[in-house]
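Record features, source TrEMBL:
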| type | residues | note |
| --- | --- | --- |
| TRANSMEM | 135-158 | transmembrane segment |
| TRANSMEM | 174-191 | transmembrane segment |
| TRANSMEM | 203-228 | transmembrane segment |
| TRANSMEM | 263-279 | transmembrane segment |
| TRANSMEM | 326-343 | transmembrane segment |
| TRANSMEM | 355-373 | transmembrane segment |
| TRANSMEM | 415-431 | transmembrane segment |
| TRANSMEM | 443-464 | transmembrane segment |
| TRANSMEM | 476-496 | transmembrane segment |
Amino acid sequence: MAKAKKSRNSAPDPSVAARLPWQPPAPPLVTALLISFAALLLRALVSVGPYSGQGAAPKFGDYEAQRHWMELTLHLPSSDWYRNTSDNDLAYWGLDYPPLSAYQSRLHARLINASLPDAVALRSSRGFESQESKLLMRWTVLSSDLMVFFPAALWFVWAYMKDGVGGSGERREGWTWLLAMVLLNPCLVLIDHGHFQYNCISLGLTLGAIAGILSRNQLVAAALFSLAINHKQMSMYFAPAFFGHLLGKCLKQKYPIIEIMKLGFVVLGTFALVWWPYVHSYEAAMQVISRLAPFERGIYEDYVANFWCTTSVLIKWKRLFAIKPLKLMSLSATILAFLPSFLQQVKSPSNLGFLYSLLNSSFSFYLFSYQVHEKSILLPLLPASLLALHEPQLHGWFTYYALFSMYPLICRDQLLLQYIAVLGLFVLIYYPPGGNYGKGVKFPSGIMVVLSLPFLCSILLHTVYLQIEPPKRYPFLFDALIMFICFSQFIILTLYTNYKQWMLDFHPRPVGRKKDL
């Protein structure tokens, strides 16, 4: 029988029409490069704006802190990086990150010193600001992002789709959307390339470690995560998830003790290499450690949307308790919070459970640990973005409130235009035309009302915060309201994700796909 000719006026194939936005006919490598280029361009555009503490003498902000650490590590021996000396006043942005972060500062200082030595001159460069130095400093962050976070994101997406982590229900072509969600994280872009930090390095190393586990390269994962901890100690937020998952896997091997020992050797060896200048002296090592745990700053700073700061409105923790009992209480609360997630991975390790455990563990530290900053929300936001294809509603909801929790900081940094731009771009990508990744499940009307109320309040507060002066008696009233709203959503989200992780034991995921992209 002859085939019927296709009508010239017939409707286009719906599968082809749906493919246009997020399933381009280009080869996967070209598509990945285009998404990466768009993410790099966004970072470059945001970096044109102001940075933390710009022109705000005498202490300035995080930009000056990073520049000052470059100055110190370039001119002083490593033995003086963490000690109070005539050339290193610890009261003026003393180095308080682990040695790998110091080595990174030294490398960047060498690059800047080659073209603009005045920007990192010892003592005389304090508060140094110029267009040229800003450009050079911004390029150090962009290059770090491109060399660490971007490759890790590409590796993760490849490993996630190859293993079929989310199960057979996930659309195979969704890898492009997942990559966009990871690379175009609005909070990370604003903090690193607007406010000015190097979270892309520690988060990139962590992301590489996660990809290593999904790729069954546990030893590589152990080394990368050890490097992440040695770049920023806040990477410890993920430690229970890594430890629980790897321990659970080792216990299921024929020779578990040998597997545990191999991981232990990799971790100890990595730490020894990073800490080599300080391992020869107990005093030198303790001096570094004391700088990494600044308990004297108090249990929280500013208006961070965690348990201690939110409840301090009713319970004056800093007045009622000394530092020692507060440390014990925060430690106990943090352990209790991440323990269920940890035990689930020891009992039933799985790749999907591991991603949930990363989110639950980091949420536990953000909500209950000691000395949390508003920028620390970047840590639980990383695994939330990795779960975007499996939990799109959770990712969208969390990203919005994470961004909103940093709104006062963004306003202080005069990055409002960048805030609006990256939020708008995120919404456009989250709801792509022809795609259904960001479409939520249908909730009963009563639940929708409850969920919509804080969202509507947050929309109103965006304007109120800028346009209305708070009462003189309560100068931080609006900051506190933002904190209350975000904290309430974070609590709901962490209860939900803990529940979902434990339900994996009762509802195992369908068998994933094993073919390459």
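Cβ from N, Cα, C; glycine included.
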Do we see three or more Cβ pairs under 8 Å linking the transmembrane segment (174-191) and the transmembrane segment (263-279), pairs being at least 6 apart in sequence?
-> no
Residues of the same chain, at least six outside the transmembrane segment (355-373), with any C-beta under 8 angstroms of its C-beta?
-> 165, 210, 234, 236-242, 244-245, 293-295, 297-302, 304, 306-309, 326-327, 330-331, 333-334, 337-338, 340-342, 344-345, 379-380, 382-384, 386-387, 390, 490-491, 493-494, 497-498, 500-501, 504
Which listed stretch (203-228, 326-343, 415-431) has the most C-beta pairs under 8 A with the transmembrane segment (135-158)?
-> 203-228
When you scan the chain for residues with a C-beta under 8 Å from the transmembrane segment (415-431), skipping those not six or more beyond its ends, what do you find?
-> 42, 45-46, 49-50, 177, 180-181, 184, 186, 189-190, 194-195, 392, 396, 399-400, 403, 407, 437-439, 466
